[in-house]
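Everything on this sheet refers to the single structure shown next.
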Amino acid sequence: MEEDHKEEHFTVAVRVRPFVARELEGAAQSGWEIPGPTSIKEASGERMFIYDNVFDQNTSTQILYEEICEKVIWKALQGYNGCIFCYGQTGSGKTFTMQGSRKDNPGIVPLAIDTIFTYIQQTPDKSFLLRCSYLEVYNECVNDLLNPNLLNLQIQEDKQSGVKVAGATETVCTSVNQVNSLLYMGETHKQIASTNFNMRSSRSHTIFRMIIESKNREYGNADLNVATLNLIDLAGSEGANVHGTAASIHRTREMSFINKSLLTLSTVIMRLSDKTNNAPIPYRDSKLTRLLQPSLDGESKVVIICNISPSLDAYEESLSTLKFAQRAKKIKQVIVKNEVIDSKALITKYEAEIKTLQEKLREMEIKLAEEAGNQGYKEAMIKMEMKLHTIQEEKDQLDSKMENLVQEKLELQSELERLRSMILVSENVRLNTESEIFTENNSKLNDRRRVRLSVMRDSTPGSRQSIARISYKPSEILFKSNNDGLRKFPTVDESKVPDISDSGEFRETMLLDKLDNLKELLESEEPLERMSMMLTPQEIEEARDSIRQSDAQENKEAPKIDFMAIIQEQDGLIQNFQNIIEEKDEQIALLKDELELCRGNLARIQKQLKQMKTK
Ligand SMILES: Nc1ncnc2c1ncn2[C@@H]1O[C@H](COP(=O)(O)OP(=O)(O)OP(=O)(O)O)[C@@H](O)[C@H]1O
């Protein structure tokens, strides 16, 4: 059940009716003044009372209803119990306020019926069930006003449905007219009698009860609310001397029951207003308070309208009513909403709640998926950027490797060119070698060649490649050694040296002549001395050493040079270079493929990244 603490739920109002004809016939002296909308004061004294509302003689029931009653009806339509009752001495205007005159001054009951049906009409998303009963408590008996045969009905109580009148007629009403018919029928069965103060005095407490069931159409029986609205017209209290001697025993008995029940009501109200008193509240002391218990002990929105006569003649009764209202004013009420605990309705309600929760869950799942998607997207971006970076690095490395390979290839090609030029030199040598082999009769030339080779060998020990590195200059012969750079020997008169570009045997003869001359020069001391102008002392010494070594070698049998082997070795070397170049070419081709792949990946990843960033 849902509690509602926000509003004041126990409203106490005072209504002062106008003077009636009977009173106007007399002095019609006013006993009360109404200084403001919430206060009432003794006309001839200083006593003043404050309530939630004080309505003067000129206030219509319609205004009173709208001010304090309509909200109770609205609450009942939302599932909160409501109770409106009129309290006051006989002839003070209770019935006028509660029932009114149907045409000119409708009372609270018809106005409430109008409100209920108008609301039902204007609320298509809800369905309602309205059940009406009309009861009276007369001489401590509960009678059914809708069925005069149902008298002295039993009040039953259980935790589930609260206080109920067993067997009371409950008529399902579907229209205003139907309810009005019921009211009319009930009033015909009411205990009415003539009193000194009222020609048609209600001798019973009447309770018009409407049970309003409402449910939201969408959820079936879920959210089924049931509210009980009690609209009570109490019998008027009377003083013992009211009927005077004319009062019959029957009327005295009536009066006794009325006063007793009103006294009990007054006690209950007093106890409810005094929270310091923990004694049980005497609801059971009267049928009226038993029936009103659910409304009074905190389950209903309650409005008490205390009706008084304006006349000074009724001062004591009016004062008594105002005191009762003062006690009631102290009651603090917290109301609760009644929801049906029917298992079927509960299942439907839980199903509706599950459905709502499932929808919420689905919404959350979608949200989470979107967030996860965003997260995944971010992670994918980071991964791709890292991959892009790695591929970029790989590409740079491949570029640099490729550059190195191309450089190596160029160097190799250059070396190959040089080797090829060597071949040319070797071929020349081969030609000479062949002439050496096949021209046996040219012994002088043969001797000279032997000498030349000997000199060359001595000058470049252990290196046959150095032979290929011999270079000719007009003024000197240079022997380039792998180990110690150049050894320089001066030639004879430069002007007489023929142009070495001349080919053939002449060039070789000239060279051999130069060598012969050099040898001769080196063999004598004198020429060496003369050569000192041209050579440094160290060079002269080196030349002498060379001659000595040469002499020593001359004594031995000069080894025969295998020119074919040298040439073959050169050819092998060239072949090796060619192989290496081919290998490099293959590597370059592979690298090119890899680079192409890298470029493709790079472009793809960059495109993906661009797409992701534009999302
Ligand atoms: N506000 C009012 N304006 C005009 N007439 C009123 C008003 N209140 C009451 N009356 C008239 O006063 C008379 C007594 O009113 P009513 O019958 O409602 O008193 P009551 O408190 O119900 O009395 P009882 O307890 O004896 O039934 C009626 O004639 C009624 O028309």
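Cβ coordinates are placed from backbone N, Cα and C, and glycine is handled just like the others.
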Coiled coil range according to TrEMBL, out of 28-69, 196-237, 574-615: 574-615
Residue, out of the binding-site residues Q89, T90, S92, T95, whose Cβ gathers the largest set of other Cβ atoms within 10 Å: S92
Close in space, distant in sequence - G93 (ATP binding site), Cβ under 8 Å, 6 or more apart: R15, R17, C86, N307, S309
Per-residue pLDDT averaged over the coiled coil (574-615), given as an integer: 78
K94 (ATP binding site) in three-state DSSP notation: helix
Cβ packing number for K94 (ATP binding site), 10 Å threshold: 29
Candidates near ligand 1 among the binding-site residues Q89, S92, G93, judged by a Cβ under 6 angstroms: S92, G93
